[in-house]
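The following features are taken from TrEMBL:
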type	residues	note
ACT_SITE	Lys76	active site, charge relay system
ACT_SITE	Ser151	active site, charge relay system
ACT_SITE	Ser175	active site, acyl-ester intermediate
DOMAIN	21-461	domain 'Amidase'
Amino acid sequence: MSYTIHELHEKLINKEISSVELTKQFIAHRDKVEADVHAFLSTTDEEALKQAAAVDAKIAAGEEISMLAGIPGAIKDNICVKGQKCTAASKMLEDWVSPYNATVIERLMAEDYVSIGKTNMDEFAMGSSTENSFFGPSKNPWNVDYVPGGSSGGSAAAVAAGEAVWTLGSDTGGSIRQPASFCGLVGLKPTYGLVSRYGLIAFASSLDQIGPITKDVTDAAIVLNSIAGHDERDSTSIPQEKVDYRDALVDDVKGMKIGIPKEFFGEGIKAETRAAIDKAIEFYKKAGAEIISVSIPHVKSGVSIYYIIAPAEASSNLARYDGVSYGFRADGDNIVDMYINTRNQGFGMEVKRRIMLGNYVLSAGYYDAYYKKALKVRRLLKEAFDKAYEQCDVLLAPSASGTAFKFGAFTDPLALYMEDICTVPVNLAGLPSISIPVGFHDGLPLGMQIIGPTLGEKKILRAAYAFEQNHPEFTKTAPKGEM
Ligand code: GLN
C-alpha cells in the first residue's frame, strides 16, 4: 500500500478504497506500532471516522473532493483543535481542552481533513529530540534506539512509521526540518507570515511557523495549499493572493541559480552529510542549474542570536501559565506561593532554563548588551541572506550535522543548542525552507535543506521536486512503516 496523499486521493476518487476503510487501516497500524514509536499524545478516532464517512458520502454523491479530503493525518499537540486536548507536551497543560480552532484547523476543515490524533513534541516546542516531552519521548521509526528529532518529533515519527499520511508540525528554529531529516521525510517551514499562527501555542512569536511533514514534495505542496493564506487574526500574516504550489512541481531546474553558502558547511558538519550534499550539487549541475559559491558571514552567529531572542520571547509568552488562567495549579499558602509552586512543578527543566535565560537577557542591566545586540545582528543576517538572493534563486545547506543521534547522547544543553546551527538562521531571517531526504548513513536518513527568499516557496518546491524525482531510492519506507 502506498502512503502519499496524491496516490491515495486517486484511489479514493476511483472508489478503490473508501476513506472509512483507509482511516481504519491507519488506526489499526497506529495501534500496532505505538507501543514502540510513541508518536501520539492523544487519539481522535471517533471524529476521524465521522469525518471519513462524510467524505465517502460526498464521493458517493459524485461531489468533487479536495486533494486532502479523507486522508488520515495528525496534528502537533501545540495546535488548537476545538474540543480536543492540547498539551504542548507539558504537565502545565496536561488536561487543557481547547475551546477554539486554530486558523490552520479551520482551513483544513474546509477541505474535509481527517486527523487521527495529536502528536508528541518537546515541551512547548523547546528541544531537538522529544526527550523534553513530559509524556516521554517518541522513537525513530528507522531505529528505535535513536531520537526522531524535535521538537515536532511525534509528527515526523507518525508519518515515517506509517501511522499518518501527513502531519502538521511547527518550526521555531528547525522543528519541522530537523525531524523530517532524521526520519527520511519532507518537512517544509514556510515564509514567516505565510501560515497563520492563530491557535498555535506560542513559543517565540517572531520565529514560529506551522508547516507540513510528508512523505514527498508533492504532498508538502498539497498541505501548504490548504493551510497558507492571509488571516486577520494574526497581525503578522502576509496579505497574499492564493497560490497553487503544485504549479511549481516540474522536473526542471535548467537555468536555476543555486547558491552554496560556505558557512553552513563548517566545523561540526559530518563528512557523510557533506558527501551526500556534494552528490546533490553534482546532480543539479548535470540538470542544468548554475552552482554559485556564496558567503553569509552572520550564519556563524545564528545560534547565539537565536538563544537570546527565542528565550526572551518565550519568557514573555509563557508568563500566562500562572495557575489562574489555564491548566495546572499547585497549592500554596498565598497567591505568590501558588504562582511559584505552579510554575516550578508545571514546567520541565528545559522550559525553566529558557524562561530564566529570557528574563536575564531582557533585564534592565543586560537588555542592551544581549537582547538589543541580538536584534541588530539578526538584521545583518537578514541583509546578508537578501544579498545572496540577488545572485541565487535558492540556497542549499544541510538540515542537520548528520543522522539522528541516540537517546541521551546530549547531556550538555549547550552542545545540543549548537546542533541547531543549520536551521535557526532561516527562522531568524523569516525565510522558507524545505528539508528533503538526500541519502543514508549506517541505515539512518540524511537530509538537505533548500532555502528560498521571502515567499519563494515555489522556487524551493521546484528544486526539491526535481531532486526527488531523480532519487527515488531516498524515499524508502522506514522498517516500522511497513504495513
Ligand atoms: N531545537 C530548537 C530549540 O530547541 C528549535 C525548536 C523549534 O523549532 N521549535 O529551540
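Glycine is no exception: its Cβ is also placed from the backbone N, Cα and C atoms.
Annotations in TrEMBL come from automatic prediction, not curation.
Here the features listed in TrEMBL are painted onto the structure.
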residue : record                               : DSSP class
Lys76   : active site, charge relay system     : strand
Ser151  : active site, charge relay system     : coil
Ser175  : active site, acyl-ester intermediate : coil
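Selection of the active-site residues Lys76, Ser151, Ser175 by a Cβ distance under 6 Å from ligand 1 yields, in sequence order, Ser151, Ser175. Ser175 (active site, acyl-ester intermediate) and Ser151 (active site, charge relay system) have their C-alpha atoms 5 Å apart, to the nearest angstrom. Between the C-alpha atoms of Lys76 (active site, charge relay system) and Ser151 (active site, charge relay system), the distance comes to 10 Å.
Just so you know, the Cβ of Ser151 (active site, charge relay system) picks up 34 other Cβ atoms within 10 Å once every protein chain is counted. Minimal Cβ crowding within 10 Å, among the active-site residues Lys76, Ser175, is found at Lys76. On the 0 to 100 pLDDT scale, the domain 'Amidase' (21-461) averages 97 in this prediction.
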